[in-house]
Number of protein chains: 4
Amino acid sequence: MDKRESCGNSVAFKQPHGTQIEFTEQKQELSKRTANTGRRTLSHSISQSSTDSYGSVGSGSSEDESSPRDRSQKTHQGLSDFCVKNIKQAEFGRREITNAQKEMPALMVLRKGAGGEKPLAGAKVLGCTHITAHTAVLIETLSVLGAECRWAACNIFSTQNAVAAALAEGGTPVFAWKGESEEDFWWCIDRCVGAETWQPNMILDDGGDLTHWIHKKHPSLFQNIKGVVEESVTGIHRLYQMSKAGRLIVPAINVNDSVTKQKFDNLYSCKESILDGLKRTTGVMFGGKQVVVCGYGEVGKGCCAALKALGTIMYVTEVDPICALQACMDGFRVVKLIEVARQVDLVITCTGNKHVVGREHLERMKDGCILCNMGNSSSEIDLGSLQTAELRWERVRPQVDHVVWPDGKRIVLLAEGRLLNLSCSTVPSFVLSITATTQALALIELYSAPEGRYKQDVYLLPKKMDEYVANLHLPTFDAHLSEVTDEQAKYLGISKHGPFKPNYYRY
Amino acid sequence: MDKRESCGNSVAFKQPHGTQIEFTEQKQELSKRTANTGRRTLSHSISQSSTDSYGSVGSGSSEDESSPRDRSQKTHQGLSDFCVKNIKQAEFGRREITNAQKEMPALMVLRKGAGGEKPLAGAKVLGCTHITAHTAVLIETLSVLGAECRWAACNIFSTQNAVAAALAEGGTPVFAWKGESEEDFWWCIDRCVGAETWQPNMILDDGGDLTHWIHKKHPSLFQNIKGVVEESVTGIHRLYQMSKAGRLIVPAINVNDSVTKQKFDNLYSCKESILDGLKRTTGVMFGGKQVVVCGYGEVGKGCCAALKALGTIMYVTEVDPICALQACMDGFRVVKLIEVARQVDLVITCTGNKHVVGREHLERMKDGCILCNMGNSSSEIDLGSLQTAELRWERVRPQVDHVVWPDGKRIVLLAEGRLLNLSCSTVPSFVLSITATTQALALIELYSAPEGRYKQDVYLLPKKMDEYVANLHLPTFDAHLSEVTDEQAKYLGISKHGPFKPNYYRY
Amino acid sequence: MDKRESCGNSVAFKQPHGTQIEFTEQKQELSKRTANTGRRTLSHSISQSSTDSYGSVGSGSSEDESSPRDRSQKTHQGLSDFCVKNIKQAEFGRREITNAQKEMPALMVLRKGAGGEKPLAGAKVLGCTHITAHTAVLIETLSVLGAECRWAACNIFSTQNAVAAALAEGGTPVFAWKGESEEDFWWCIDRCVGAETWQPNMILDDGGDLTHWIHKKHPSLFQNIKGVVEESVTGIHRLYQMSKAGRLIVPAINVNDSVTKQKFDNLYSCKESILDGLKRTTGVMFGGKQVVVCGYGEVGKGCCAALKALGTIMYVTEVDPICALQACMDGFRVVKLIEVARQVDLVITCTGNKHVVGREHLERMKDGCILCNMGNSSSEIDLGSLQTAELRWERVRPQVDHVVWPDGKRIVLLAEGRLLNLSCSTVPSFVLSITATTQALALIELYSAPEGRYKQDVYLLPKKMDEYVANLHLPTFDAHLSEVTDEQAKYLGISKHGPFKPNYYRY
Amino acid sequence: MDKRESCGNSVAFKQPHGTQIEFTEQKQELSKRTANTGRRTLSHSISQSSTDSYGSVGSGSSEDESSPRDRSQKTHQGLSDFCVKNIKQAEFGRREITNAQKEMPALMVLRKGAGGEKPLAGAKVLGCTHITAHTAVLIETLSVLGAECRWAACNIFSTQNAVAAALAEGGTPVFAWKGESEEDFWWCIDRCVGAETWQPNMILDDGGDLTHWIHKKHPSLFQNIKGVVEESVTGIHRLYQMSKAGRLIVPAINVNDSVTKQKFDNLYSCKESILDGLKRTTGVMFGGKQVVVCGYGEVGKGCCAALKALGTIMYVTEVDPICALQACMDGFRVVKLIEVARQVDLVITCTGNKHVVGREHLERMKDGCILCNMGNSSSEIDLGSLQTAELRWERVRPQVDHVVWPDGKRIVLLAEGRLLNLSCSTVPSFVLSITATTQALALIELYSAPEGRYKQDVYLLPKKMDEYVANLHLPTFDAHLSEVTDEQAKYLGISKHGPFKPNYYRY
């Protein structure tokens with residue numbers, strides 16, 4: 001079994017799903033506000049992703065400014081076990097959820113498939129994810145499959161208030177609103193856990209904050225918990241560390257490294273969002289531009305393929321000789337960043353590594369050079385080295401800063417070095433659908449697995465379920481799968497119904 | 001650990017390396033001859049690959065026709081422990097080997113690296129591979145690294161006689177010539193094993209015939225043997241079966257499924273050889289042609305990428321939903337073969353499966369449709385269904401048959417359904433170099449591994465050695481690898497010198 | 001000489017340059033307002049392009065609402081021969097112009113090249129174009145080259161008020177503001193012409209409205225005019241009609257059909273803007289989508305190349321067999337729209353033709369099908385057929401309408417069928433630079449041509465000047481041109497300095 | 001009208017069609033023989049193309065060696081007005097012609113279309129082209145259309161003897177065989193002209209030798225001749241020179257510069273044949289190779305597109321700034337050859353220019369660098385500079401020479417600098433079909449044009465006929481053309497049936 005953390009230089013993990021569409025400036029303000037509040041408890045352990053800037057559509061600016069915690073609200077059925085911004089927005093939120101359902105046909109098929117048998121009957125799922133129309137479709141799918149759910153937000157900015165209201169109105173206890181303070185954040189999680197009245201037996205986490213909180217505050221709950229499904233790089237990292245340290249006491253499924261995540265989300269989604277993000281922010285013409293992509297993992301491969309196809313001249317940097325050799329064979333010159341820093345028009349980081357672009361590179365870059373990050377860590381660019389007295393920062397547009405050198409040279413920095421695709425482009429619903437379906441199947445697998453199949457360790461989803469996730473998405477493309485005959489199955493030594501590949505198969 | 005056999009439908013394994021260049025008609029004759037000869041012993045277990053047609057450059061037709069087994073030859077040093085066609089060809093063969101060395105810089109670096117320490121000092125390697133200039137470079141590299149080698153051919157057609165002579169002249173006992181009978185084949189292997197006078201402690205096999213023979217005839221030798229390195233799909237299959245059955249009594253390394261093999265040989269090499277093979281045999285213009293590729297594994301991906309890039313309209317068939325979804329996202333329509341059989345101009349099989357193209361498809365194909373196989377098994381096309389009375393076969397060119405329907409419709413069958421790239425195109429020396437380097441490192445690893453690291457099982461090469469193989473090939477492309485700083489290594493939780501990725505990483 | 005109008009089906013001409021960036025809703029309102037005003041004079045002959053929706057950055061909403069015509073303004077130098085929104089915005093406008101200069105290095109080289117000799121000394125240029133930072137760079141370049149200029153806007157929405165102010169402050173009489181009424185439009189042109197006080201001898205037009213007005217109102221001016229430079233499809237069409245009818249009394253240069261326009265703006269620019277426009281408006285994921293592009297002229301070629309590169313499955317419709325054969329060879333299936341209407345996810349028109357997409361196609365399209373126009377005419381889609389009682393239009397986002405069928409089917413219509421790239425994406429400054437440079441050179445050519453070189457006809461720019469325009473843009477790409485030796489020039493029978501190709505060369 | 005010769009640097013004209021398939025060594029020997037023969041008459045004016053090496057399939061080596069001129073042969077019908085190698089080969093040749101008919105459906109449609117009316121009734125066509133199965137289909141099509149034909153070969157090596165026999169047997173007086181001496185060459189042409197007994201009224205030439213001969217020897221024939229159709233670059237060059245000099249006394253149609261030739265043959269055909277030619281001769285792996293292509297005309301564009309698609313790193317050299325800018329926008333670095341000579345693995349010339357690669361570049365190239373020519377002129381590489389004492393030439397394979405430097409460096413020169421695609425790859429029948437159809441239509445146009453439409457000048461084929469040629473080839477791709485409605489035709493101001501574009505349209 002593969003239990004090591006994924007730590008490669010070019011892996012270029014991505015933040016999970018999101019429906020971010022518009023540029024957003026809120027973070028700056030909210031961060032400021034946050035900084036002023038004198039909160040302390042646990043703030044050292046809040047996951048980085050929980051405070052990532054994360055805009056959402058239609059977030060009215062004129063909403064009531066009183067804290068949801070101070071308000072008493074009830075659904076039409078008279079339920080009050082929830083905490084959202086404004087329960088009256090439920091109708092609008094319901095419409096959003098209904099629209100999102102169209103884009104997530106796989107989950108709808110799962111609902112239908114449930115029919116008489118409810119694979120999650122008896123499951124009590126505690127969830128902590130972004131709360132958007134798309135995750136709402138997931139949550140309500142879990143309910144249709146038999147689960148009871150309670151939910152909190154994994155990010156203080158990303159909640160779509162109307163959707164949260166619709167979920168609550170629909171009967172799911174949800175504790176989340178857009179613009180939570182850090183204290184609110186933990187308060188919501190704690191209310192969600194509701195340890196005394198309701199004993200969860202499954203956890204669906206995104207970032208690891210919920211898992212962390214239970215560990216710290218309600219460790220006894222783990223006695224009932226059959227497993228954790230975790231989706232984010234950060235959360236997975238925490239789980240592998242716990243596993244190494246022998247502190248992981250339930251099985252966990254690593255959804256982040258599923259083939260459907262790595263090979264689809266990271267490759268195909270980034271292939272498109274790099275173009276989208278760059279056009280939206282800078283309107284740059286690609287034809288003839290010289291571009292260096294740092295890291296040739298899935299994200300780097302996607303970026304390179306898209307940009308090359310649009311007529312750029314590409315360079316790649318790598319630390320891993322295997323990925324470097326792939327870059328060579330794909331027709332990219334593999335160089336050190338310092339070698340091409342002077343001549344390139346665009347620098348894109350996709351390494352998952354730290355300080356890949358440093359001041360020494362920035363010094364060499366030419367006037368007008370655009371710099372952005374598509375990798376996992378927001379520290380790929382050494383921003384600290386740019387926060388010095390002689391350099392002037394100029395915000396020229398949302399998500400676009402000019403860093404101005406004394407001689408007038410301007411480096412165009414996008415999204416302050418945070419993830420370009422999360423901040424400045426759309427995330428296709430196809431990707432959201434694949435991830436949500438994988439999460440649902442992981443929950444089912446852990447919940448219904450016979451005693452002993454999973455130990456206190458971190459697992460990848462069984463290949464057969466990966467294949468099932470893929471299968472559910474083929475109708476979107478009107479794709480017709482061929483069938484294996486009995487004779488062929490025998491010849492190949494496999495079952496007609498899969499899995500079709502050995503575990504080590506790389507796709 | 002990954003020990004399952006590779007059995008996917010779209011894996012599309014490939015026969016190993018070769019330097020085949022010219023079209024060859026010999027097989028037909030030899031096959032006929034073979035068929036007439038009343039040989040029996042062990043012929044049921046000869047590997048399929050050992051009789052694959054396999055032309056080689058410069059094989060003079062006017063060579064002495066007496067059997068090498070009947071002739072007594074000596075090297076200039078007076079050695080006679082070998083059996084080749086004509087020891088006098090050694091000088092020409094040496095020139096070929098010298099040329100091949102230029103194309104395999106990685107092995108030459110290994111030789112230099114050996115310097116004082118000889119990692120294979122004491123190793124006695126028994127080898128059974130194609131005997132070509134490129135494998136000669138491998139064999140002699142092993143010698144430079146300290147090994148004693150004895151060698152036989154793994155294929156009755158592929159030996160380059162001059163190269164065999166040069167190896168013998170250089171001091172390597174080699175038993176092989178082009179056009180061995182099946183009896184010769186086993187005689188050579190047996191002479192090579194030389195069980196009484198020379199006790200091997202390592203095996204390098206390609207196809208599994210050598211390993212099989214020792215099992216059958218000299219099982220006691222396994223007591224001294226530290227491990228087997230196997231390169232072919234067929235041989236790997238046999239090893240996994242032995243492992244399953246508990247009959248594998250030494251560790252084995254599966255070179256075939258190394259990332260450098262699967263992701264480089266299968267993907268990049270096939271990407272180029274599909275074009276080469278089709279042009280050489282048919283001169284077909286690709287632009288605007290409709291093509292269906294059966295199987296979207298690495299080989300299928302390579303074929304599709306190359307053909308799409310040259311302006312064909314592509315369809316893909318798949319049984320594995322994950323590969324099917326990749327095909328969709330890459331812009332190929334996923335269909336059943338029967339749906340497009342009428343309209344396509346070209347059918348290419350890359351599944352590794354059996355009878356993927358059957359008479360029902362062939363009936364629908366249009367006049368002039370070209371049919372070829374790039375997959376592993378030569379049974380991907382159901383040729384039996386074409387050997388019926390009403391169909392006429394017409395050989396129009398070497399490697400090109402027309403199968404003529406009563407109404408005049410002609411299907412253009414290439415290489416009689418055998419591997420197009422092995423039969424009708426060149427194999428780049430880059431690929432040969434990667435494979436040979438991997439074999440050398442696998443031998444070193446098995447030979448020098450501390451007691452207990454490897455059990456009686458089949459292993460993939462450790463990632464660190466895969467990375468080393470890749471590293472040795474980067475200078476070919478003048479590629480400059482970046483280095484991980486101490487700070488970055490700590491951040492990533494890895495060693496500065498690799499391995500850089502978790503084992504489950506897919507590249 | 002080529003004097004026929006360009007009338008092909010797949011030519012897919014494009015509206016001229018623009019710096020449109022943001023989505024805009026103004027048009028609807030303004031159109032409504034316009035419709036209510038009882039204006040008549042000449043409104044039948046206003047060019048279509050002059051009322052195209054055309055957003056511009058930084059257009060404050062809180063500007064003074066009084067009409068510029070009613071206000072008396074003066075520059076710092078005390079000049080008052082201009083009419084702009086607010087002369088006080090000049091400083092901001094100047095900064096915009098300075099920024100734009102960076103993106104138009106070719107014009108800056110022309111300025112420098114002028115040095116002592118002023119090729120336009122004595123020229124009095126009457127101009128009517130969009131008034132943006134980029135055209136301001138052109139206008140002021142003409143001044144540096146020796147010309148006196150007077151300018152009006154060719155579009156009632158596109159003027160950047162601050163830029164107009166900066167031009168006026170800089171000494172150019174300019175008559176334009178954002179949001180002119182139609183009456184204002186002609187008033188500005190008339191003030192600009194200023195027939196009594198100032199006799200123009202050159203015209204630079206974009207859309208033909210200025211040329212038309214002089215014909216109607218000040219025909220005597222043509223006695224002094226040496227020529228007209230026209231850039232738009234519409235304007236060119238008018239000129240060819242005048243030429244045919246024998247009513248063209250000065251030479252004209254057709255800038256629109258220059259190779260630098262057709263092969264760069266139409267091909268490369270559309271290649272990028274189709275992706276940008278679709279992502280911005282719909283966030284659609286391209287991978288695996290089925291797309292039909294109507295028309296395989298330069299614009300269609302650009303759209304197809306970009307979309308194919310991102311993994312779509314493409315179909316092309318064509319009426320011209322030559323373009324159709326190109327599509328075939330490039331790997332696109334050539335179909336009739338009706339054949340694929342049911343299955344495609346996206347329909348893109350690029351024909352320059354009328355009613356290419358009709359109700360019969362729309363009936364067949366599936367739920368969610370996206371429909372947009374990249375061609376010249378806004379009538380490529382038969383919108384009239386969608387304005388029927390049973391269909392409901394729903395504006396879901398700026399530039400995005402859902403047309404809803406009674407059964408709930410939704411067709412996603414972008415930019416109301418107007419040009420997607422003008423309405424919903426950026427126009428690269430590279431394109432703006434090429435066009436402006438071509439205009440400047442065309443003016444110089446007409447102005448300085450010896451008597452008799454140009455007759456009362458429409459001409460393409462001489463190839464040598466096309467080559468010069470290209471040459472001026474090579475430094476952007478750090479491209480190094482090779483030089484023809486004397487020996488080679490003799491061998492080829494050409495001058496060392498060009499032109500390098502015969503006139504019929506197609507590039 | 002476009003009458004200038006095509007002389008650009010990157011035009012990269014190509015030699016006309018051919019069915020060359022196998023490597024051939026004959027030229028060397030024949031050239032030697034030729035050199036020894038003391039022939040003089042007119043040899044100074046023989047076209048270069050008439051002696052180009054030009055292999056053909058199935059040319060038996062054991063044929064009767066007596067000169068066809070000395071032998072008396074008769075067809076079954078008793079005709080003897082022909083001179084071929086061996087009339088008994090007619091049956092085999094007929095089979096070849098029948099096969100070729102399948103690949104030239106457009107000509108077969110023309111035959112059917114003829115029906116009652118014979119557009120060439122009364123035409124007496126004198127032809128001088130390669131004599132292959134494909135041209136035989138053309139010749140016999142002309143006969144079906146009503147013409148009487150007499151034919152000679154335009155190249156001393158390219159005649160397929162069996163095909164010539166079949167033509168003669170079929171009733172066409174043909175004078176040609178493979179391996180003519182130069183004297184034979186002119187003797188055949190003269191016999192073909194047969195001035196006294198048969199008065200031609202049309203000429204179909206390829207290379208200009210026939211036209212030249214008539215000028216010199218039978219000028220009076222031109223009184224009856226309605227026009228010349230010429231296909232080769234060389235022949236066109238001669239015609240334009242005659243036109244300039246006022247010596248052209250009949251109209252001529254330049255088939256070489258038709259859009260179907262330039263945009264299909266040069267672009268698409270070279271895109272495929274560069275890959276084919278390089279693989280066949282060197283087996284080089286493309287992935288990761290650095291390649292410089294000299295000249296970015298149609299041929300260069302085709303080569304660059306194909307190689308880039310297979311993963312090479314590309315550089316382009318150009319003298320024409322417009323083509324250079326296209327290369328930039330397409331994503332190629334534009335450099336001077338000298339700048340990259342040291343680092344590239346492959347150099348490909350496509351300029352049509354002279355001595356583009358000189359000794360100064362060759363000195364810098366690295367060991368193993370491959371050098372080949374895809375352009376028009378065989379003098380693109382300065383071979384003279386390589387024929388010096390210190391360099392050793394080594395023929396390593398047919399069409400492959402190593403030029404060896406004193407220090408052991410080897411430059412791999414393909415086809416001795418002659419056209420790679422003519423010498424070392426197949427020519428797709430699709431291309432042959434387009435050219436032959438264009439020739440047939442050009443004959444019909446000239447023959448049936450009303451008095452006065454064509455003057456004593458060189459013309460391009462009318463666009464409508466280009467469109468017709470394209471149309472006839474669409475069924476090959478199952479392409480479905482859309483139709484222009486009456487309303488649309490009116491809107492566009494064109495006829496429903498074309499031509500669809502202005503003459504200056506570039507495609």
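Cβ coordinates are placed from backbone N, Cα and C, and glycine is handled just like the others.
Here TrEMBL flags D:THR132, D:ASP206, D:GLU231, D:LYS261, D:ASP265 as substrate binding site. DSSP assigns D:ASP206 (substrate binding site) to coil, not to a helix or a strand.
If you look up TrEMBL, you'll see D:GLY297, D:GLU298, D:VAL299, D:GLY300, D:LYS301, D:GLY302, D:GLU318, D:ASN421 marked as NAD(+) binding site. Take the CB of D:GLU318 (NAD(+) binding site) and look out to 10 A: across all protein chains shown you find 31 other CB atoms.
Per TrEMBL, the feature compositional bias 'Polar residues' maps to D:33-46.
For D:47-61, the entry in TrEMBL reads compositional bias 'Low complexity'.
Annotation comment: TrEMBL describes D:266-427 as domain 'S-adenosyl-L-homocysteine hydrolase NAD binding'.
The region 'Disordered' annotation in TrEMBL covers D:1-78.
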Nearest-integer angstrom distance between the alpha carbons (Cα) of D:GLU231 (substrate binding site) and D:VAL299 (NAD(+) binding site): 17
Rounded Cα separation (Å) that holds between D:GLY297 (NAD(+) binding site) and D:ASP265 (substrate binding site): 13
Rounded distance in angstrom between the Cα atoms of D:LYS301 (NAD(+) binding site) and D:LYS261 (substrate binding site): 15
The one of D:GLY297, D:GLY300, D:GLY302 whose CB sees the fewest other CB atoms within 10 Å, among these binding-site residues: D:GLY302
D:ASP265 (substrate binding site) and D:GLY300 (NAD(+) binding site), Cα-Cα, nearest whole angstrom: 12
Per-residue pLDDT averaged over the domain 'S-adenosyl-L-homocysteine hydrolase NAD binding' (D:266-427), given as an integer: 96
Length of the line joining the Cα atoms of D:THR132 (substrate binding site) and D:GLU318 (NAD(+) binding site), in Å: 36
Taking residues D:THR132, D:ASP206, D:GLU231, D:LYS261, D:ASP265, which bind substrate in the record, the widest Cα spacing (Å, whole number): 19
Interface-adjacent binding-site residues, chosen from D:THR132, D:ASP206, D:ASP265, D:GLU318 when a CB lies under 8 A of chain C: D:GLU318
Longest CA-CA distance among D:GLY297, D:GLU298, D:VAL299, D:GLY300, D:LYS301, D:GLY302, D:GLU318, D:ASN421, per record bound to NAD(+), angstrom: 21
Other CB atoms, at most 10 A from the CB of D:VAL299 (NAD(+) binding site): 33
Length of the line joining the Cα atoms of D:ASP206 (substrate binding site) and D:GLY302 (NAD(+) binding site), in Å: 24
Count of other CB atoms lying within 10 Å of the CB belonging to D:ASN421 (NAD(+) binding site): 26
Protein Cβ atoms within 10 Å of D:GLU231 (substrate binding site), excluding its own: 28
Long-range Cβ environment of D:LYS261 (substrate binding site), under 8 Å and at least 6 residues apart: D:VAL255, D:ILE434, D:THR435, D:THR438
Cβ neighbour count within 10 Å of D:LYS301 (NAD(+) binding site): 26
